[in-house]
Amino acid sequence: MKNRKDDHIKYALEHESEYNSFDDVELIHSSIPKYNLDEIDLSTHFASHDFEFPFFINAITGGSENAKKINQKLAKVANECNLLFVTGSYSAALKNSNDDSFKIVKKENPDLQLATNIGIDKNYTAGIAAIKALNPLFLQVHVNLMQELIMPEGSRNFNEWENNLKEFVENINIPIILKEVGFGMTEDTIKQGIKLGIKTFDISGRGGTSFAFIENMRRENSLDYLNNWGQTTVSCLLNLKNYTDKVEIIASGGVKNPLDMIKCLVLGAKAVGISRTILELVVKYDVEKVIKIVESWKNECKMIMCALNAKNIQELRNVKYVLYGKTLEFSMQKI
Ligand code: FNR
């Protein structure tokens, strides 16, 4: 039988988004610098934890032999580079008591900053089981409505979701992050989440991995006109500018390089999650080479911050920018 998790990896790597919202953002640089390169501080804080770097490996996988190998490589990179690592949805392990594709990362990297993930369609007890198994720093609860709808074997009943989330908040004693999977989140969703007690949101927008594309590749009659469903990462961040001091906004979706990361931080994100870009690297290269690339990203982030006269993540919020194209059009409309 074909494994769904292997399909996700395969089709995620086949898809290239046609449109990159980061190209629509131009940062205004400074010609007279204030800081030396080694004065730049990349550290950040969210979900009640300090992190040395403002980017992390976001939820990807678990639940198959291939997923286990990928998790081992990703976790090694995260451990060596002192990055946060978030596993894919833990529900794969709950279905199979022999699964060790998640636990192995902890076993091999006991000091790793680790978090995990579960779907909002699950009862909070699934979250408790995941926490018991992995002792994560926080739990991501993912929302993926259009994915479920396109997925042939996906959920068809959704009116439990809101109550499930409420119960997660009431019964889970570590921080919870409400997370999209590449369709984006805007103000109305954030307001609903705040009402239910959520303090941290990963808006995971359109522009990178498309779970509409992935599920369309897995079904007989492709609904490929839905492949670009949702809002882009930059549009979501612009839409949520008034919320960046009220809640913690994490950005992900289509982040390819340190300039994209810095743009997310300028737009108010506390940290930046990367899935497809790092998945592609660990599939293509050995761990040592990926570690070198990630180490270089840290320096590149510092270079860009230096050229923007921003000493830390907080100061990045003062950086001016201009918008172009579809992103500008989006930003001019009240939604
Ligand atoms: C994902 N993503 C994901 N998200 C989640 O909340 N739970 C999950 O189990 C998975 N699984 C998963 C598998 C694969 C192969 C990929 C590439 C991605 C979504 C991911 O965390 C992120 O939100 C989106 O992929 C958008 O970011 P990128 O990929 O454009 O950087």
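Note: Cβ is positioned from N, Cα and C throughout, glycine not excepted.
Quick look at what TrEMBL lists:
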BINDING   Arg4, Lys5, Gln147  substrate binding site
BINDING   Ala59, Ile60, Thr61, Ser89, Asn117, Lys179, Ser204, Thr209, Gly254, Val255, Lys256, Ser275, Arg276  FMN binding site
BINDING   Glu148  Mg(2+) binding site
DOMAIN    160-317  domain 'FMN-dependent dehydrogenase'
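Where TrEMBL records a feature, it is marked here on the structure.
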residue	record	DSSP (3 states)
Arg4	substrate binding site	helix
Ala59	FMN binding site	coil
Asn117	FMN binding site	strand
Gln147	substrate binding site	helix
Ser204	FMN binding site	coil
Gly254	FMN binding site	coil
Arg276	FMN binding site	helix
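The 6 Å Cβ screen around ligand 1 retains nothing from the binding-site residues Arg4, Lys5, Gln147, Glu148, Lys256. Over all protein chains present, the Cβ of Lys5 (substrate binding site) has 22 other Cβ atoms lying within 10 Å. Within the set of binding-site residues Arg4, Lys5, Gln147, Glu148, the entry lying nearest in space to Arg276 (FMN binding site) is Lys5 (CA atoms). Note: the Cα of Ala59 (FMN binding site) and the Cα of Arg4 (substrate binding site) are spaced 15 Å from each other.
Within 10 Å of Gln147 (substrate binding site), as judged by C-alpha distances, no binding-site residues are found among Thr61, Asn117, Ser204, Gly254, Lys256. Within its own chain, Lys256 (FMN binding site) has Asn20, Phe22, Gly208, Thr277 as residues 6 or more apart in sequence whose C-beta sits under 8 angstroms from its own. Computed over the domain 'FMN-dependent dehydrogenase' (160-317), the whole-number mean pLDDT of the model equals 98. Burial estimate for the binding-site residues (Thr61, Asn117, Glu148, Ser204): highest at Ser204, by number of other CB atoms within 10 Å.
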